[in-house]
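A.B. asks: Below are the structure tokens for one structure; questions will follow.
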Amino acid sequence: MSQAISLTFPDGSVRGYDAGATGRDVAESISKSLAKKAVAVAIDGTVRDLSDPVTTGRIEIITRNDDRALELIRHDAAHVMAEAVQELWPGTQVTIGPVIENGFYYDFAKNEPFTLDDLPKIEKKMKEIIARNAAFTKQVWSRDRAKQVFADKGEQYKVELVDAIPEGQDLKIYYQGDWFDLCRGPHMASTGQIGSAFKLLKVAGAYWRGDSNNPMLSRIYGTAFAEQSELDNYLHMLAEAEKRDHRRLGREMDLFHFQEEGPGVVFWHGKGWRVFQTLVAYMRRRLAGDYQEVNAPQVLDKSLWETSGHWGWYRDSMFKVTVAGDDTDDDRVFALKPMNCPGHIQIFKHGLKSYRELPIRLAEFGNVHRYEPSGALHGLMRVRGFTQDDAHIFCTDEQMAAECLKINDLILSVYKDFGFDEVTIKLSTRPDKRVGSDELWDRAESVMMGVLETIQQQSNNIKTGILPGEGAFYGPKFEYTLKDAIGREWQCGTTQVDFNLPERFGAFYIDSNSEKTQPVMIHRAICGSMERFLGILIENFAGHMPLWVSPLQVVVATITSEADAYGLEVAEALREAGLNVETDFRNEKINYKIREHSVTKVPVIIVCGRKEAEERTVNIRRLGSQDQVSMGLDAAVESLALEATPPDIRRKAEARKAKAA
């Protein structure tokens, strides 16, 4: 056969291969050891089965230690789990089983739902199947054959999935031994390549197709890794996350609660609202001088949302509002705002704007409402009503880069104040479906790429990346992702350039040539959802909040009633210094008091007895420590007041002191 295929390898070398050569053939042509390690190939970046014929292009041989192999390991583990379930419980229907972040799941139609007690049995059977080391082989079936085979097996959900596959698209069937499933692929070479580093984690109910009108299925979640050490680290992280669950800590610290009458909306208790307001006050100070804080209505006529495009793009996630009474002269349909941006454009449009006034930066701590399915709600992390620390900058095209850099500096500074030093910034570029001309996108992406390069040069510890095709339909965006104390990543901040809304609403300013010109609109959020950010803080610190954020900073506890008067004096001195203080003069043993306040995560407990009252000292005990530090009252007040000062205020004070010197 002639050498009809040309392959370019990662080192730049080019080799020719016969037409029909597979990925495995290519790996074997390099070395037998590589062929043994290979699990898949990538042609021009697309991962494919080793058994697939290769085509001319850039080729990479993927082994288990390649990052891309992890998805294959998890995908194959999901298939093996499905086979194990059907071996253990014949007649169970398999439906869908995708790879998800940090693992995989599979939904099953079974008369009785799975329980946690079933998971060890399934894991044992999975190990047996993996040990068989059956090859993954692929067949392409006709639509009629696929429907007939699955119908004969009693797999009605698979028949429905076959019907949903577009005409002209291959129906791929993957075998592992005698067991097979409908699947797009790709897969590794055999079940043995999955390895033993897998774990089934939990069971749950899930509606077929996510529709509550459909039957309830039984879902099993699992995870898998290339190495056992990686699995062990992940399971340790899950255990830590369980201890840090903000919902449990929120109850223990008496911060907030949820109840059935208000699904997805927070009932803030006194202490929780104090933390929330501390966060808002901090953000307000960070915006002072650069932003105008505004407030747009929460309820607006649907016509405005039609103009903005939200009614067409986002209506299923919006709350519609009408007047409840029958005898009303206003039968219009309104909506609770899901976003602040249309309201901010109305404020910008109110009155003629000159180029000399730009940039105009409008900020709002706006209450927004978005419908989330009840099954998706998760404490403060996923709610239906929340507060956005939203801002919109209206600027000229020439000002866009400087504004993006200014926003970046603010975002990174805020994160640093809360102890988040590991931040990743990714630029999401144009999606296939978008508004605006290619010329506009070229310009915006060029500017933002330049901003990203500047960020890289200025911040050595900041990771950056590109997310091709992940931009919003109205413009490219930066996404800011934090890494918390146990290694989890949280996407919080965004900076988005918008070509769409200014045009839809006819926003303009008068330029230097006295012409009407459409402004560049930049959306930016730092925390994103303030509620979610607070949930992240609670979990990051495991409830042990920095003193300046803590809702109750100090408890003054006395050993004896003879020290109560002095305890009151200590508490008052701390309050005058600006700290949130409570007293505990109950007739209980001091160790009992300390244990109780430790559960509620009070960061500082000051212990006073007869000796301290006589010497005008205090014993300071920190949350999580068995040690006590004795200090004079005045020194203790000064030290704690400084520690409780927010970092932005402390920086300004230090700058003033340095300037005065």
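Along the chain as shown, residues are numbered 1 onward.
Note that Cβ sites are derived from N, Cα and C of the backbone, with glycine treated the same way.
Note that this is a predicted model, so its numbers are computed, not measured.
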A.B. asks: Given Swiss-Prot annotates Cys341, His392 as Zn(2+)-binding, which of His236, His246, His523 belongs to that site as well?
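C.D. replies: Swiss-Prot lists Cys341, His392 binding Zn(2+), and from His236, His246, His523 it also lists His523.
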A.B. asks: Is His523 (Zn(2+) binding site) helix, strand or coil when read with DSSP?
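C.D. replies: SS state of His523 (Zn(2+) binding site) = strand.
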A.B. asks: Express the predicted model's confidence over the region 'Catalytic' (245-546) as a mean pLDDT, rounded to an integer.
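C.D. replies: Averaged over the region 'Catalytic' (245-546), the predicted model reaches a pLDDT of 92.
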A.B. asks: For Cys341 (Zn(2+) binding site), write down the residues of its own chain that are at least 6 apart in sequence and whose Cβ falls under 8 Å from its Cβ; none is a fine answer.
C.D. replies: Ser308, Asp390, His392, Asp498, Leu501, Met521, His523
